[in-house]
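Here the structure is laid out as structure tokens; the discussion comes afterwards.
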Amino acid sequence: MADTSMYQGSLTALVTPMHTDGRIDFDVSAKLIERQIEAGTTALIPAGTTGESPTLSHEEHGRVVAHCVETANGRVRVMAGAGSNSTSEAVLMAKHAHSVGADSVLVVVPYYNKPTQEGLYRHFMTIADATPLPMFLYCIPGRSVVDISVATMARLAEHPNIVGTKDATANMARPIAVRRAVDKPFNQLSGDDNSVLSFLAAGGDGCIGVTSNVVPHLCADMHLAWQEGRIEDAIAIQDHLTPLHDAMFMESNPGPVKYALSRLGLCNATLRLPLVEPQEETRRAIDAALRSLELLD
């Protein structure tokens, strides 16, 4: 039986490692997934923003999700990226995720075409109707421009398959407002590494992080400390991580995180255009953050 309990703790939005010619490196991907599981990451999110989904072909997107499910092999859950600004494309992605055994799907707010709240409602309801998988709404107005209002989220939550949200707004009033508006247990996950402790304090359940690609053990430890009531320990870990959190978003994700992984010898820094490797100032900041964590000499 599928695990339908709430996601908690440190979840990782996985990078998609690539060879220098831009082909996906599935061997390295498997090693990164093993590293995540061994470090205590509670779930994996392939083929999202951090996984460069906008520049993956449909075939590649499907292979990345299937590869993650196969490699995880039930040890942790897989929440597959299934977002598109085309409802029909998102439906196909969600159906594929279900067909290969993903545990849930993460569907971003449609970007660029700027739908109204009614358009957002119909978009997400159509996807939720198309598959039995639990679905998470991904709110990231910095990339999508539009956002789901709390009222629309409450309407969407009436669908039994819509079970939670990834909230990258960094608005700490939002998880409280959503909790009060939604008339069922609703799984709220932060999508902002820097503000995760504030999000947890506001009643959130966990974080889908980027930094956890680099230091999955520290991110998992921070969440465990919080869950066990060791608040001072959680704060200390988060303070220690803050320079790396900051550096990860000095330029467009996933440029910085891939560079950081390359510095640790875990994958190369190859990105697909229009994304490019970080500039020198960003590279210096990442190196300094890694040294502060004693990960570089």
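Each position is counted from 1, following the chain as shown.
Each Cβ is built from the backbone N, Cα and C atoms, and glycine gets one as well.
Taken verbatim from Swiss-Prot:
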ACT_SITE  Tyr138  active site, proton donor/acceptor
ACT_SITE  Lys166  active site, schiff-base intermediate with substrate
BINDING   Thr50, Ile208  pyruvate binding site
SITE      Thr49  site 'Part of a proton relay during catalysis'
SITE      Tyr112  site 'Part of a proton relay during catalysis'
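This view paints the features noted in Swiss-Prot onto the structure.
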residue	record	DSSP (3 states)
Thr49	site 'Part of a proton relay during catalysis'	coil
Tyr112	site 'Part of a proton relay during catalysis'	coil
Tyr138	active site, proton donor/acceptor	strand
Lys166	active site, schiff-base intermediate with substrate	strand
Ile208	pyruvate binding site	strand
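The closest partner of Ile208 (pyruvate binding site) among the recorded positions, by CA position, is Lys166; the full candidate set was Thr49, Tyr112, Lys166. Of Thr49, Thr50, Tyr112, Lys166, all annotated as recorded positions, the residue with the shortest Cα distance to the residue listed as 'active site, proton donor/acceptor' is Lys166. A distance of 18 Å separates the Cα atom of Thr50 (pyruvate binding site) from that of Tyr112 (site 'Part of a proton relay during catalysis'). Note: the CA-CA distance between the residue listed as 'active site, schiff-base intermediate with substrate' and Thr49 (site 'Part of a proton relay during catalysis') rounds to 12 Å. Distance from the CA of Tyr112 (site 'Part of a proton relay during catalysis') to the CA of Thr49 (site 'Part of a proton relay during catalysis') is 15 Å. The Cβ of Tyr112 (site 'Part of a proton relay during catalysis') lies under 8 Å from the Cβ of Asn85, Val145, each of these being in the same chain and 6 or more residues away along the sequence. Fewest Cβ neighbours within 10 Å among the recorded positions Thr49, Tyr138, Lys166: that distinction goes to Thr49.
Neighbour density for Thr50 (pyruvate binding site): within 10 A of its CB lie 23 other CB atoms from the protein chains shown. All chains included, 28 other C-beta atoms sit within 10 angstroms of the C-beta of Ile208 (pyruvate binding site).
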